[in-house]
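Student: What TrEMBL records for this protein is below:
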- B:9-187: domain 'Guanylate kinase-like' (DOMAIN)
- B:Gly16, B:Pro17, B:Ser18, B:Gly19, B:Val20, B:Gly21, B:Lys22, B:Gly23: ATP binding site (BINDING)
Number of protein chains: 2
Amino acid sequence: MKANYLREGLLIVVSGPSGVGKGTVCSALRKKMPELTYSISATTRPPRESEVDGVNYFFKTVPEFKKMIQNDELIEWAQYVGNYYGTPRRFVEETLASGQDILLEIEVQGAMQVREKFPQGIFIFLVPPSFEDLKRRILNRGTETETSLAHRLDAATDELKQIERYDYVVINDEVEQACERIRAIITAEHCRKDRLILSE
Amino acid sequence: MKANYLREGLLIVVSGPSGVGKGTVCSALRKKMPELTYSISATTRPPRESEVDGVNYFFKTVPEFKKMIQNDELIEWAQYVGNYYGTPRRFVEETLASGQDILLEIEVQGAMQVREKFPQGIFIFLVPPSFEDLKRRILNRGTETETSLAHRLDAATDELKQIERYDYVVINDEVEQACERIRAIITAEHCRKDRLILSE
């Protein structure tokens, strides 16, 4: 008899309300867990100063993005505060098939589309320690007009209600601690009984 | 709104076949996770050289142990290769009520009695990387007569079949790695959505 864990990749979705710090947490996680593959989203939102095409996002024009939708090249997409965001399908499927874990950092609307297509995925919801904290983070980002700030706060309130549809909740009190929790969730999921193979 | 995790202790059961190294793994874990409370079993088995009464076990005579059973002072007990083993109830219940996690290192027979009484517990099954490895460990322990070795190997074969009734499986390939897996499982379980409280 030999005991081994299944060599099948996990699909891990990290989502949460606008401004909770998904990007910051996932960047830190990328340094801590280089063995994880990170899905790269496509978006029509203009790049922020530090963002690089093909690294942080695939930046697309609206017509390009609409063509991807038509060709069924996205496993989820959403329009969010006037911009499109989506996850290219092929890279996710190829990564999982090769036995690698893949992490998707996506908005709440999109995450639930992924849940329908990949019910075996691990769905992690990042929350702020408090709503005041969330508001402060969005303000500090300093990239929002007054209208888009109001939109984002409204959206965040709605998004927080989606917590019920997730498997795990990670409080983003400190980036380091949030990363450690996500790492622990991934390790634990690999230890689930269903993932063990006993062979002769 | 404020987000916090439930302050309710987890009952964590680490079990597995005879000789898999439950004791070694749990000793190492005790150094890594001093914040965990460790349940101390009662047993009628004679102490091994390094074992201390009230630290590794409460060593009892057979009449003392039977009295504990009669008084319903044990949440589980089993007779195993001629000796009794059991978990004193009061300490477990008091620890959980105080909001502390408690870890029980117990034999397979006993673990399933605990599952009936504490269905919300986290049940972790420790397995050897291979059956050959298990046999070698039991032999190396050097405390077994030939008859008790044969008994232990038979028992271990039966016990391995109980794997289906556990939540998680941890392969004990290396003690350090097994400890890290158990620690990750505990962290992840604290992050389950049901354990989050959103308050005003």
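Even glycines carry a Cβ here, placed using N, Cα and C.
Set these features in their place in the structure for me.
Tutor: When secondary structure is read from DSSP and collapsed to three states, B:Gly23 (ATP binding site) falls in the helix class.
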Student: I need the least crowded one of these binding-site residues (B:Pro17, B:Gly19, B:Gly21, B:Gly23), counting other C-beta atoms within 10 angstroms of each C-beta.
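Tutor: Counting other Cβ atoms within 10 Å of each of the binding-site residues B:Pro17, B:Gly19, B:Gly21, B:Gly23 gives the minimum at B:Gly23.
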Student: Which chain neighbours of the ATP site, leaving out B:Gly16, B:Pro17, B:Ser18, B:Gly19, B:Val20, B:Gly21, B:Lys22, B:Gly23, have a Cβ atom within 8 Å of the mean position of the site's Cβ atoms?
Tutor: B:Leu126, B:Pro128, B:Leu134, B:Arg137, B:Ala156, B:Asn172
Student: Please report the three-state DSSP label of B:Ser18 (ATP binding site).
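Tutor: In the DSSP reduction, B:Ser18 (ATP binding site) maps to coil.
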Student: If one looks at the chain holding B:Gly16 (ATP binding site), which residues at least 6 apart in sequence have a CB under 8 angstroms from its CB?
Tutor: B:Lys22, B:Val108, B:Phe125, B:Leu126, B:Val127, B:Glu159, B:Asn172
Student: I'd like the number of other C-beta atoms within 10 A of the C-beta of B:Val20 (ATP binding site), please.
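Tutor: A 10 Å sphere around the Cβ of B:Val20 (ATP binding site) contains 25 other Cβ atoms.
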